[in-house]
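Colleague: What follows is a single structure, and I will ask about it in a moment.
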Amino acid sequence: MAHRTPPLGQAQAQTSATPSPATLRSRTSATTTQRTTSTSTTRPNGARGPVSASQKTATKERTPSIRLAKLLLWVFLVHVGAIYLFTRGFLLSRSVLDSKSECDNTNMDESIFTDDRLAVSKCWYPQQYKKAVVIVIDALRFDFVVPHHDLPDYEREPYYLNKLPVIHRLLEEQSDNTLVYQFVADPPTTTLQRLKALTTGTLPTIIDAGSNFASSALKEDNWLAQFESLRGQDRILFMGDDTWTGLFPSVLNTNNSHAFPSLDTHDLDTLDNGVIKALGPALEDPSKWDLLIAHFLGVDHCGHTYGPNDPHMAVKLEQMNDQLEKVLKSVSDDTLVLIMGDHGMNGHGDHGGDSDDEVEAGMVIYSKRKFLDASVLDQFSLGDMLRYTKPVGGNVYRTVQQIDLVPSLSLLLGLPIPFNNLGSVIPELFLSAKDPKSAIRDLLRATRLNAAQVATYFESYIELHPTSDIAMAVEMEFGELFTRAETFMRELGQDPRAKTEDLAKALKLYSEYLRTSLSSCKRIWAHFDVPLMAAGGGILLASCVCLLLHITIYRTVGMPPSLERFLAGGTLLGIALARHLKPLLLTIETVQESSLGLVDIMIFSMSTFSIAGFLMCLVLNAKSFAKKESWNVFRMIRWPPLSGFLACLFIFVNCLIFASNSYIVHESTFIIGFLQTFGVIGLLFSLRVPDKAARIKAVILVLSFMAMTRVLSASTVCREEQGDLCSPTFYASAQQSVPSQWSLVMLVASGAITPYLIRLLLSGSKSMTGIALLWVDYGLRIGIILGTLYAVLDFEGSKTDGTRAATTGNNANAFEPLLGGMSAGGKYLWIKTTLVRIAFGFALLIGPAAWWANPLCMDIQTVDEPVITADGNRKSAGSSSTAPATQRKIIILGYANAFGASYYMTLTMMFLFVILTQKPLGAIVLSVGLAQISCLVELVDIWRDADFAVWQQGVIARIQAETQESVENTDGIAAAASIQAAAQAEQAKAPTLNLLLPTVVLSLMGNLFFFATGHQATLSSIQWPSAFIGVPTVNYLFSPILVIVNTLGPFILCAMALPLVVLWKMPPKANKLGMLVLFPELTRLCLMMMMHQSLVLVANMFFTGGMFRRHLMVWKVFAPRFMLQASTLLMMDLVLVTVTVLVVLSRVIREVSTVLSIRVV
């Protein structure tokens, strides 16, 4: 164990005739008493003196930090392999068939339909419209579209309601020509996946959401490619979101498209203005196109930036209303107009999940031809084919699935239905005949073509996957429905006198088949690869066992050469045998249907054999372990017994959270309970501290820790599932995504207080010197000020941009043009961008460079003090003695916290970087979080000192009793020397603090900070605007990094703070051999955090992929939480390997070792 010291901060010269109990511990500061000036002194400013023999030996050996980094790197790579395998099995992409539908092959006998009016057709169904105009208003939520006249007089009308009066007039004046639908999307509700569904008619998978920002060419059959194939590329005109051109590069190119970048959510106008500029000439000359697609993005960007209930939203919707009015006035009789949203948005303007507000978009279909009233279906008992909404704005509307547009639009334009489509035709669009019987017959023909296409798709799918869940569903659930429908149609034959009731019966059978097949596919969703999931989970669980064995039994520093050889040998063996393992694995029946590839087998074999190598190394060294008495697993919970039990209880309950979707939804409440429980137990620990001053300090720290936990719990962003049990406080309101004004005021206050508190913390150990003085007083303070200025300017600019008249009226001041110009695309945007870039420079360049040049928070002072004679008087200069009257003392300030203070500086640099990516309240939360981390490490130091003191008193009492007779026969000095010698012999038995509890608490604090910074385990809670902090437009290098740091920054801070549990106030006091034993505790500390996070992920995998993979909430609750936990584990592993150990820890220890001529092992 590394020696502990009392909390003092500087070196003093001390001589004493009678030793005190404190002599059993190292002193808090270094002391050197000189009567002559030293000829060579090693100083913290970088000057070097003679190198000791121990240092020369250390340079020849592999440093402990490198050995530790190698061990952590191996664990990280095993985790990557395990997560990759499980993800391949759990989040599989949907199986895509490459087949294409063809005009001359409908896969059915159409001779039944002999009606001359529809018999002549170049393709599947006679073309009903020559032209089509598709207007996509991104994130057009359903309630944005329909009129609302039922608002109470006392309630202010939200900014997003009743802003599209052109649609309201259509419903009133041309109701026979207008159809309004609630357009229900399938999650994930991201634009790329919605466009895929709207053009192919297929169901997306949740893993596709990650590719929303890097769209690749769509290879599936789709109606846009069919249109281009039949009519030619020059008959298509596109303008808007460049996601379309990424999906359809061969159909939409520079000759027929006007694409604009789409990812800058702060820019509300550039793309929309470009679309408007191109749309006007296109409407004036419709002879140049048959298909016009315009995709507006301003409404979506407004939601992301400000939320739906903001003046900006009213401005954008009114702009859309003007454009829709122009489109509707300009179209001809043979043109079909479709106005739709690809998805909705939640109360904060975000999307990606499956809440009602996110999946319920609006769609309006308009034609100058009249549609037959859908009530005709009720005449033939076909009303159950239609679905209706709950009352919205006092009215009820039809609801359809988004994929239903695909077969409907394809047939109306005379195209074949895309091969992979699962949607159903919208009945109202095919009821255009004047008499009911003909209308039913037309709808039956379209529905039968639709059903035949879906049946053909399933036949092809089953050929490729004969034992899949889809094949079983076709056989057991809905395949018979299509057979019955076809049999009934053949019985009708070609009888033109077939009763309408019979046609209606056939129509009902086909409709039921389509509806049931879609429902089954949504339930099955995708094929789960159980062998791959089991392989990933098993490897991760085995890695947890290895970590536990290393912590409790192996107990070496990092990766010793023997273990390294076994791991390397196992990995190479796995690579060599991977190709030969595949035939062997395929003999197992459960593996035969797996999509197991050579890469999967190689990863599995490498991980498995390297873990086997670890266990083999453990077995071969069992005898040496037994001699060291290391086989006692309960060594991990030696101090105090309650702390180890509490840590294990926290881990166990944390794992059980994944046993219920309700527990996951309310996970933040559990985290708060864990930390408050720790606070209560910590209070009991503090009350047993023997020293009164330390006891009072510990109690204050514990109470502060609990108070900060309660403060952080007040910052919330609510999930839809939490309902009334949660009140959001993170944003200005539940319907906005902008910060509140009070959060900006608090941000200014926290920016002033945080550097002061850090200074106060470091001053306690006399460490406010060296790099700390420069960084805390200048670098950190300037960075926080610049970040605060950026947040204030961003907030004020968002208030004035585009809505000055609505928000300020005649009260505009001279600064508003300047502030408004700082919004996206403004001419003064460079001002706030430059401010935050300078702040980033302090966090990532200036601060780290200064720290690397001189990382220590230490300083040396020399003081001349008078010599005290034996009689207690000062020696005068005129004394007859030849000895000098004064003696020189060298005082090393910051010696007591040489490791911790230097390491803490890098933590504050990372803290500055992370808060710059956060919303204002998020920055405040992390400031409180940094204070809470500081409280924790101070508490650990006090408790460890207290435990040492209790043990020390017991040792001294026992030794004094044993040497009582010797004391009586000798003088006091000899007795004291005897006691000291005996006590030093007991030093090796000094207790070590259980590190598991503070490690688990630090991990849980990462979860608390995550929730308090406005995040949840949902896709829609990702704060995408952070991608544009410091960059005026999306940057594919920095923008993803900013989003990752914004999301996982709390976990990064907690992982980086982990070594402080050991290093804080750990003085560099070497033993007689010139060594300081530090790395065994650091190794156990890092492995404990990895083990905790790994166990949580194992539990997540077990419940999510094992028990609940068919659960109703698997994609809404369980899968997003799995993705968060996997990302958290990998990020914390990566931070521990690279930043924590390889860079910061190694630099701190190397510098302290060089300056003080000690060897850290």
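In case you wondered, yes, glycine gets a Cβ from its N, Cα and C as well.
The compositional bias 'Polar residues' annotation in TrEMBL covers 11-21. The annotation compositional bias 'Low complexity' is assigned in TrEMBL to 23-43. Per TrEMBL, the feature domain 'GPI ethanolamine phosphate transferase 2 C-terminal' maps to 994-1140. Per TrEMBL, region 'Disordered' is recorded for 1-60. Residues annotated as transmembrane segment in TrEMBL: 71-91, 530-551, 563-581, 601-621, 642-664, 670-687, 699-717, 742-762, 774-793, 995-1017, 1037-1064, 1128-1149 (among others).
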Colleague: Answer yes if the transmembrane segment (642-664) and the transmembrane segment (601-621) have at least three CB pairs under 8 Å among residue pairs 6 or more apart in sequence, and no otherwise.
Modeller: no
Colleague: Is the transmembrane segment (995-1017) close to the transmembrane segment (601-621), in the sense of at least 3 CB pairs under 8 angstroms with a sequence gap of 6 or more?
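Modeller: Answer no: the transmembrane segment (601-621) and the transmembrane segment (995-1017) share fewer than 3 Cβ pairs below 8 Å.
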Colleague: Taking helix as H, G and I and strand as E and B in DSSP, count the residues of the domain 'GPI ethanolamine phosphate transferase 2 C-terminal' (994-1140) in helix, strand and coil.
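Modeller: In the domain 'GPI ethanolamine phosphate transferase 2 C-terminal' (994-1140), the DSSP-based counts are 105 helix, 2 strand, 40 coil.
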Colleague: Considering every residue in the domain 'GPI ethanolamine phosphate transferase 2 C-terminal' (994-1140), what is the mean pLDDT value?
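Modeller: Here the mean pLDDT over the domain 'GPI ethanolamine phosphate transferase 2 C-terminal' (994-1140) amounts to 89.
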Colleague: What residues elsewhere in the chain lie close to the transmembrane segment (774-793), defined as a C-beta under 8 angstroms and at least 6 residues from its ends?
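Modeller: Here the qualifying positions are 739, 744, 747-748, 751, 754-755, 758-759, 762, 768, 819, 822, 831-832, 835-836, 838-839, 842-843, 846-847, 850-851, 905, 908-909, 912, 915-916, 920, 923, 1029.
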Colleague: Which sequence-distant residues neighbour the transmembrane segment (71-91)? Criterion: at least 6 residues beyond either end, Cβ under 8 Å.
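Modeller: Long-range Cβ neighbours of the transmembrane segment (71-91): 205-207, 528-537, 539-540, 543, 546-547, 550, 558-559, 563, 567, 594-595, 600, 603-604, 606-607, 610-611, 1083, 1086-1087, 1090, 1094, 1097, 1101, 1104-1105, 1109, 1119, 1122-1123, 1126, 1129-1130, 1133-1134, 1136-1137, 1141.
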Colleague: Taking residues 6+ outside the transmembrane segment (563-581), which of them lie with a CB under 8 Å of any CB in it?
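Modeller: Distant Cβ neighbours of the transmembrane segment (563-581) are 70-71, 74, 554, 556, 598, 601-602, 604-614, 616-617.
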Colleague: At a C-beta cut-off of under 8 Å, are there same-chain residues at least 6 beyond the transmembrane segment (670-687) that contact it? List them, or none.
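Modeller: Answer is 640, 642-643, 646, 650, 653-654, 657, 663, 695, 698-699, 701-703, 705-706, 709-710, 713, 939, 942-943, 946, 997, 1001, 1004-1005, 1007-1008, 1011.
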